[in-house]
Amino acid sequence: MDKQRVAVIGPGSWGTALSQVLNDNGHEVRIWGNIAEQINEINDEHTNKRYFKDIVLDEKIKAYHDLEEALKDADAVLFVVPTKVTRLVAKQVAQALDHKVKIMHASKGLEPNTHERISTILEEEIPAELRSEIVVVSGPSHAEETIVRDITLITAASKDLETAKYVQELFSNHYFRLYTNTDVIGVETAGALKNIIAVGAGALHGLGYGDNAKAAIITRGLAEITRLGVKLGANPLTYSGLSGVGDLIVTGTSVHSRNWRAGNALGRGEKLADIEANMGMVIEGISTTKAAYELAQELDVYMPITQAIYKVIYQNCNIKEAIYEIMNNEFKAENEWTSF
């Protein structure tokens, strides 16, 4: 692939890690952000210490505070911003673009209130004449490992296979490998909903439960993620792949996961407001829990784990009471679509 100009919208941990992957592949990387001090740090010190204290970035990676300058002559634009601000930022990008580009995103969540997936938001806010079909970049990946070039395998999903292949080639190298998929709904819902289960898995750890309980919540969590995804039109096989069970494992078992850490703190009895303040980063699983719970109610999809976590976070339900309620649900067969 010839050298590409890629604008990375969002200088967070994952945006920074993906910028390094693209730079390693010989592409011109322009990171855009709205915090002047952070932009100056990336350009002058070649660091982003808020997220990576000991990492020095290649000096060829440039950061911009001016959005039009970051987007100038870009071949592709990668959104890596929190779900709750995606629509606002997409509007800004649409206004600043003056030519057609490939549009990708690597965020995981459902928009509050609308319950929309991120690709849908981008389709609504960026005119078709300015973009390709949206490509979702998702899968089992910790920024802390990707930034040190640890082996990582993820998925590039798009309605248009050729566009997905473009992104596959754009990112893939000796330590970072992408597989293509055309099931955008499946890949996006898997990436968003696994954050809920990760909060629950962390809570079990914080309460002192062992591996049996953690395996239970991951596998039964995958079942209800699949139920909702299929209701929305996803291919159930997607959930057995990298963006499904792969991402659920990596997020639901690791201290690198901010969702797992948030759940762990909840399990230890900490208050949610204190957890969010101490984390200093967006915990997507918190807002996604509400969106998924409301969506499940609307579509009549059985999601007992999501419902339990919703009650704990938004209705001040005692965690142990929520667990007791799940464990005393009506007996089911494992392979029933409606079973726990």
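Placed from the backbone N, Cα and C atoms, the Cβ positions cover glycine too.
For the sn-glycerol 3-phosphate site, Swiss-Prot lists Lys108, Gly139, Ser141, Asp247, Ser257, Arg258, Asn259; matching the candidates Lys49, Lys53, Lys194, Lys311 against that entry yields Lys194.
In Swiss-Prot, the NADPH site is described by Ser13, Trp14, Lys108, Arg258, Val282, Glu284, and among Ala74, Ala143, Ala223 the residue recorded at this site is Ala143.
DSSP gives Asn259 (sn-glycerol 3-phosphate binding site) a helix state.
Under the DSSP three-state reduction, Val282 (NADPH binding site) is assigned to coil, being neither helix nor strand. Cα of Glu284 (NADPH binding site) to Cα of Asn259 (sn-glycerol 3-phosphate binding site): a distance of 7 Å.
Among the binding-site residues listed here, namely Ser141, Lys194, Asp247, Asn259, Ser141 has its C-alpha nearest to that of Ser13 (NADPH binding site). Neighbours of Ser141 (sn-glycerol 3-phosphate binding site), defined as other CB atoms within 10 A of its CB across all chains, total 24.
There are 21 other Cβ atoms within 10 Å of the Cβ belonging to Ser13 (NADPH binding site).
Counting every protein chain shown, 23 other Cβ atoms lie within 10 Å of the Cβ of Arg258 (NADPH binding site).
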